[in-house]
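**Student:** Next up is a structure, given as C-alpha cells.
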Amino acid sequence: MSSLREEELINILPKDGPTVEEVKKYLEKYNDEFIIIKCGGSVLVDPKLFKVFIEDVVVLKKLGFNPIIVHGGGKRINSKLLEVNIKSNFINGLRVTDKDTINIVEDVLIEFNKEIVEALNELDCKAKRITSKENNIITVVQENKDLGFVGRPTGINKEFLTEIIKANKVPVIAPLGLDKDNQTFNINADTTAGSIAIELKARRLMIISDVEGVLDSEKKLIPEINSKKANELIDQEVISGGMIPKIKNCLDVASNGVKAVVIIDGRKNHSLLFELLSDKGSGTLIRE
C-alpha cells in the first residue's frame, strides 16, 4: 500500500510502537482500504489517552490508510445531565432519551466532535466534522417508543463520505442522525460504526474501549473468536451484561461484508497501531 522509505517510516512511527520491520510487512497486506475506528468516550475523556489516540490516527493517515472515526461520549453526557439534574436511564444498554435529554446529548457530542477535529488539524491532519447539524450522513428511524429519541440507522450517505476521503480528509462522525422530518436522534456509537463499516465494506472495524477485549472464564484475553464460540460463551454467561450487545453487534458486522471486527484496549499505548501493524496484535479479533 505505502511506498514510504525506511527513513520516512522511522520519522512517522512512535518509538514505543510497532517496529519498522513489522510495519513494512503489514503495510503490504493493505490496499487503500477503509478502517473504521470507533473510540469510546470513556477512553477519550483521559487527556493522555486522547493525545495518543489522535497521534495514532495521524500515523495511520501518513502511512496511507483511510481512517474514519466514530466517537462516543457517554461519560461527558452523563456528567452534563447530572449538572442539570436529569437522571440517566438505560434499557438494554441504550440511553432513554426524552426531548430535554436529546438536546443535551446533541450539544455534548457536537462539542466533542469539534475537539477531535481540531486536535487532528493541529497535527496537520485534515479532518471533517460530521454531526446532525453539519454534513449529516445518517438517516434513522426511531428504535422504539420506550427509548424516545434513540434511532436506528436506515441509510448512510456513502457518496458524501467517499468524497471526504478522496479529498484526503479524515471523517469524524458523531453518533447522531436525522429522521425524515429532520428530527435529531441519538444512536448507539457501536451501531453507528457498524453501519458505516458495512456500507463501505471496510477491511476492519476497530472498537477502542476501556476493556482488554473478550475474556475467557479465567479472565484471560481471547485473541480471536467466531460466532459459534461467542454464542457458547454467552450461553455459559462468560460473556455477560453490556458485553453481550457489543459482541452481537460485532458478529452482525462481521457477517455483512466486513472482514473482521477487533475490540482493543484504548488504555494501552498505541493499541491501534499494534493491532493493525504488528505480529502480536492487540485485543480480540472477531470473525463470522
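Glycine is no exception: its Cβ is also placed from the backbone N, Cα and C atoms.
The model shown is predicted, which means the values in this text are computed figures rather than measured ones.
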**Student:** Do you know which of Arg95, Arg129, Arg152 Swiss-Prot groups with Gly73, Gly74, Asn186 in the substrate site?
**Tutor:** Arg95
**Student:** Within 8 Å of the Cβ centroid of the substrate site residues Gly73, Gly74, Arg95, Asn186, which other residues of the same chain have their Cβ?
**Tutor:** Gly41, Gly72, Ile77, Val105, Val108, Leu109, Pro175, Asn188, Ala189
**Student:** Counting only other Cβ atoms and using a 10 Å cut-off, which of the binding-site residues Gly73, Gly74 scores lowest?
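**Tutor:** Selected from the binding-site residues Gly73, Gly74 on minimum Cβ neighbours within 10 Å: Gly74.
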**Student:** Using DSSP and collapsing to three states, where does Lys246 (site 'Transition state stabilizer') fall: helix, strand or coil?
**Tutor:** helix
